[in-house]
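Per TrEMBL, disulfide bond is recorded for Cys38-Cys251, Cys87-Cys96, Cys101-Cys107, Cys157-Cys240, Cys162-Cys223, Cys170-Cys186, Cys190-Cys199, Cys200-Cys210. Residues or ranges marked as signal peptide in TrEMBL: 1-24.
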Amino acid sequence: MAKTSLPLAASFLLLLLLISSAAAADTGRLFLTVVNHCPFAVWPAIQANAGHPVLEKGGFALPTNTHRSFFPPSTHWSGRIWGRTGCSNYNGKFSCVTGDCGHRLECNGLGGATPASLAQFDLHHGGHQDISSYGVSLVDGFNVPMTVTPHEGRGVCPVVGCREDLLKTCPSHLQLRSHGGHVVACKSGCEAFRTDELCCRNHYNSPRTCRASSHSLFFKHACPSTMTFAHDSPSLMHDCSSPRELKVIFCH
């Protein structure tokens, strides 16, 4: 019996060493966590900017009071995360009431339908630069409360986003309603009226001519730490040095 137990003990010790080595390799590496505190399921979606890899296949289901953590690339990654709501799989067709990405559970690089609350990221890690820039945008409207919360960072690392449920206060001319008549999202002025001025297009596509409107001010007054029109203050993207974790929290 003693002869057979030694290899088993050695194998177990080797396994522990491998696990410890893997954990040590990840020490100091930034990771992203998506948390759902909403009283309903949310289907997070992730879209990388051009030249960056898709994370977690671009989307997954997140039941209420659950979370999911994952690592972006260890050097540089930029992209966005949003929440899809009212998703279902009917007759083999997956679709979401808000934030839908081509009727797919895994968006795999596709963007989402507006209106949708967005978390934006530009993450640099390693060398002389270890900065995470992040912000929450309501430029494309609102569908679910969302914040970004950094952990263990240095410098200016505030919690930003929109904790308010703007579906309850959305003006009637901005409301997006379901087939059942429920308010499911709040449109931006651009989406509601599609003018160059409200969309900051053509002549209005510059910091000098793109201005806040009464529609963007509705979002700004409720959630002042969010970006609410195309050329809103760049200072609303925060640079946090060496955070250990960035949490995207729905219904914080």
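Start at 1 and count along the chain as shown; that gives each residue its number.
Note: Cβ is positioned from N, Cα and C throughout, glycine not excepted.
Cα of Cys170 (disulfide bond) to Cα of Cys200 (disulfide bond): a distance of 22 Å. Neighbour counts were taken as the number of other C-beta atoms within 10 angstroms of each residue's C-beta; across the disulfide-bonded residues Cys101, Cys107, Cys199, the minimum falls on Cys199. The disulfide-bonded residues near Cys251 (disulfide bond), taking a 10 angstroms Cα-Cα threshold over the set Cys87, Cys162, Cys186, Cys199, are Cys162. Note: the CA-CA distance between Cys38 (disulfide bond) and Cys162 (disulfide bond) rounds to 13 Å.
In sequence order, Ala41, Trp43, Ala61, Phe94, Ser95, Cys96, Val97, Asp100, Leu105 are the residues near Cys87 (disulfide bond), counting only same-chain partners six or more apart with C-beta under 8 A. A simple way to gauge crowding: the CB of Cys200 (disulfide bond) has 21 other CB atoms within 10 angstroms, across all the protein chains here. Reported as a whole number, the C-alpha separation between Cys200 (disulfide bond) and Cys162 (disulfide bond) equals 23 Å. Long-range Cβ neighbours of Cys186 (disulfide bond) (same chain, at least 6 residues apart, Cβ-Cβ under 8 Å): Pro115, Gly141, Phe142, Asn143, Leu166, Leu167, Cys170, Leu174, Gln175, Leu176, Phe219. Within the set of disulfide-bonded residues Cys190, Cys223, Cys240, the entry lying nearest in space to Cys107 (disulfide bond) is Cys190 (CA atoms). On a Cα basis, Cys240 (disulfide bond) lies 19 Å away from Cys162 (disulfide bond). Here Cys101 (disulfide bond) is compared against the disulfide-bonded residues Cys210, Cys223, Cys240, and the shortest C-alpha distance is to Cys223.
A C-beta separation below 8 Å, combined with a sequence spacing of at least six in one chain, links Cys157 (disulfide bond) to Pro150, His238, Cys240, Ser241, Pro243.
Counted within 10 Å of its Cβ, the other Cβ atoms near Cys240 (disulfide bond) come to 22, all protein chains included.
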